[in-house]
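According to TrEMBL, the protein has these features:
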- HIS287: active site, proton acceptor (ACT_SITE)
- 23-115: domain 'O-methyltransferase dimerisation' (DOMAIN)
- 156-367: domain 'O-methyltransferase C-terminal' (DOMAIN)
Amino acid sequence: MGHQAQHGTDDTEELLAAHRQLWCHALGYVKSMALKCALDLRIPDTIDRCGGSATLGELLAASEISASNHDYLRRVMRTLTAMRIFAASHDPAKADDAAAISYQLTPASRLLVSSSSSVDDAAGASKENTTTPSILPNIAHLVRPNTISLLFSMGEWMKDESAASVSLYETVHRQGMWACVEDDAANRASFYESMDADTRLVMQAVVRRCPHVFDGIKSLVDVGGGRGTAAAAIVAAFPHIQRCTVMDLPHVVAEAPAGTAGLSFHGGDMFEHIPSADALMLKWILHDWDEDKCIKIMERCKEAIGGKEAGGKVIIIDTVLGSRADDDDDKTCRETYVLDLHILSFVNGAEREEHEWRRIFLAAGFRDYKITHTRGIPSIIEVFP
């Protein structure tokens, strides 16, 4: 009898844990919307302007929220604090919540301050003089209504036999994502501001943590390099690179900022021809394409860098799905699977596991590769002919 009672208790606890797990996942969108609310109210900027710590009352005033609604903001901030987007402290000597509760930036919310600011020691930074790039445009782009709404149709889209050739984005919006970016000036501006913001952060990490990747390179082509943000970071960090070219479609390079020192721009189609160089770089490019198209891009890359004796390589900055070395890295690994569905919904692209990358490289005629993982989303893959 006692054994049966214990067994029943175990089953109940397991069911309750499963119930909690399902609720957390089903309500995951609430976390995204709480984050969007904070961005709409410019909470990170307000805390930054207040010297890194702001009371609830100061947030209310800056956000133009009525004092009678203070509890709504407090509850949003409580959720974001539990998510570790912000930190919170409470002064028990003050009875009024508006004065007693104060909020601080964390490493995550510091990335959401609209202008770059110095990283202080409290955020866990080293004492070197550094700045934190803002990825506010990138995160704001990810929580836009038209970014989220198309996911409601994912199940129906999968039933369509044409899904392999017509993306979910195109099914919902009646036009492919790239066409929408090209045709709509506001959408185009939002997209490139988002990409540039992400690029500044990723390239800061790459040039500081993996400078060896660029050793011995005298010429480089950034394939699909947009407005040249990544290439500019490379030129500034590695003056030994004598020639750096940004390649993208003609209409993209036509809008590139003029006078970027050390850069040249080349309009072309990476599926047809890529200019020759010691090294080629593809940042967040291959995950936009299916395997056959990735193989074709890599074949053009191999033509551009020559054979083994030429000593060239392709530098890919992209996601590698799969296990990592420790618990924190394993959490990063699990989160990247969500990115795979995100990219699938927009362009029928894919985030890939190592064996999938290997298959592409070998099919395109490459002989070897080396992966350097980071603690973030991207990994650096060096591919050798």
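The backbone N, Cα and C atoms fix where each Cβ goes, glycine too.
Where the annotation comes from TrEMBL, it is an automatic prediction and has not been curated.
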By DSSP, what is the split of the domain 'O-methyltransferase dimerisation' (23-115) into helix, strand and coil residues? 56 helix, 13 strand, 24 coil
Relative to the Cβ of HIS287 (active site, proton acceptor), which residues of the same chain, six or more apart in sequence, are found under 8 Å away? ASP318, THR319, ILE343, GLY349, ALA350, GLU351, ARG352
